[in-house]
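Peer 1: Swiss-Prot lists Cys51-Cys276, Cys129-Cys195 with the feature disulfide bond. Sequence annotations record features per position, and here Swiss-Prot assigns N-linked glycosylation site to Asn16, Asn33. Among the features that Swiss-Prot reports, sulfotyrosine is placed at Tyr30, Tyr41, with the record citing experimental evidence. Per Swiss-Prot, the feature topological domain 'Extracellular' maps to 1-63, 117-129, 188-207, 266-287. The topological domain 'Cytoplasmic' annotation in Swiss-Prot covers 85-95, 154-166, 229-244, 309-336 and is backed by sequence analysis. The transmembrane segment annotation in Swiss-Prot covers 64-84, 96-116, 130-153, 167-187, 208-228, 245-265, 288-308 and rests on sequence analysis.
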Amino acid sequence: MGNCLHRAELSPSTENSSQLDFEDVWNSSYGVNDSFPDGDYGANLEAAAPCHSCNLLDDSALPFFILTSVLGILASSTVLFMLFRPLFRWQLCPGWPVLAQLAVGSALFSIVVPVLAPGLGSTRSSALCSLGYCVWYGSAFAQALLLGCHASLGHRLGAGQVPGLTLGLTVGIWGVAALLTLPVTLASGASGGLCTLIYSTELKALQATHTVACLAIFVLLPLGLFGAKGLKKALGMGPGPWMNILWAWFIFWWPHGVVLGLDFLVRSKLLLLSTCLAQQALDLLLNLAEALAILHCVATPLLLALFCHQATRTLLPSLPLPEGWSSHLDTLGSKS
């Protein structure tokens, strides 16, 4: 995906013009210095050329966006059907309402992927792009918070365990996720027909807030869960957060949070990159981290399916069946 652009080559006219201007200033200010090496002058002129990076997610990456979106929608829809299917064993999964919300978040992300994909025309409005980024990050923030609650509360999230707990968490988590998306919604728009984040001095506060939100949700939250798990185990204070296969979700977003933080430091000139190669490496990491984050909408339904399969196979013999399930099983037993 993408076409790599190497260091810009100066045209003969540009090179001659630059050389003439440089020599005029040098001669008038310091006099002619015949000992100035030609090689050093060429190296300095080459170093002053613009630094171009390889954009992996350009127009040629459109098939990747479309395929990921289609697969994500199909996989999320299948998981939602299984979770809401009457008298299906996946409804016995601990905290299945939270799992259903994870599938909804993954489906929302999958739907909005084509909106932000390059190569789908040049008439997209800033409002559509802002809405796309709002759903993009809002669904991701909500999924991360849902995973944190599912790991911390575990079996107490089951239907009927704590009255009103699931509803309260649902409203709170999606409300917080919506608030966290306000900075990126206001700092995004359309430029040259592409949806992009707008970097400017006026929007620097919004960009900083968005970066902090990504670092907190995608980087610090999983680190906090791992830390709490290890600390409680070391101190003998109980099992700690419930570790399961769903934690693999953070693998897809953790690099995005880290690289986004580095990019903000570079743009704010708090971290200086001395070479063009370092800037190209950072741009490449940004593209790779974004591509990995996009793939989560396909991986999340698979993780949910694997978790529900493992949980029901392990917990089904020890879980009390709801009344509807008991009568259904009794009917099946009498028929046999």
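Cβ coordinates come from backbone N, Cα and C, glycine included.
Thinking about packing and proximity, how do these listed features fit into the structure?
Peer 2: Around Cys276 (disulfide bond), a 10 Å sphere centred on its CB holds 16 further CB atoms from the protein chains shown.
For Cys195 (disulfide bond), the same-chain residues 6+ apart in sequence whose C-beta sits under 8 angstroms from its C-beta are Val115, Leu116, Arg124, Leu128, Cys129, Gly132, Tyr133, Ser188, Gly189.
Mean per-residue pLDDT, taken over the topological domain 'Extracellular' (1-63), amounts to 52.
Long-range contacts of the topological domain 'Cytoplasmic' (229-244) within the same chain, counting only residues at least 6 positions beyond its ends with a Cβ under 8 Å from a Cβ of the stretch, are 150-152, 154, 307, 310.
Secondary structure of the topological domain 'Extracellular' (266-287) per DSSP, as helix, strand and coil residue counts: 14 helix, 0 strand, 8 coil.
If one looks beyond the transmembrane segment (96-116) by at least 6 residues along the same chain, the residues whose Cβ comes under 8 Å of a Cβ in the stretch are 65-66, 68-73, 75-77, 79-80, 83-84, 90, 124, 128-129, 131-133, 135-136, 138-140, 142-143, 146-147, 149-150, 157-159, 166, 169-170, 173, 195, 246, 294, 296-298, 300-301, 304, 307-308.
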Peer 1: Taking contact to mean 3 or more CB pairs closer than 8 A (sequence separation of 6 or more), are the transmembrane segment (288-308) and the transmembrane segment (64-84) in contact?
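Peer 2: Judged by the Cβ rule, the two regions touch, with the required three close pairs present.
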Peer 1: For the transmembrane segment (208-228) and the transmembrane segment (64-84), check the count of CB pairs under 8 Å (sequence separation 6 or more) and say whether it reaches 3 or more.
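Peer 2: The transmembrane segment (64-84) and the transmembrane segment (208-228): touching, no.
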Peer 1: Looking at 64-84, 130-153, 167-187, which one has the highest count of Cβ pairs under 8 angstroms to the transmembrane segment (245-265)?
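Peer 2: Selected stretch: 130-153, with the most Cβ pairs under 8 Å.
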Peer 1: For Cys129 (disulfide bond), what is the tally of other C-beta atoms lying within 10 angstroms of its C-beta?
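Peer 2: Cβ-Cβ neighbours of Cys129 (disulfide bond) within 10 Å number 22.
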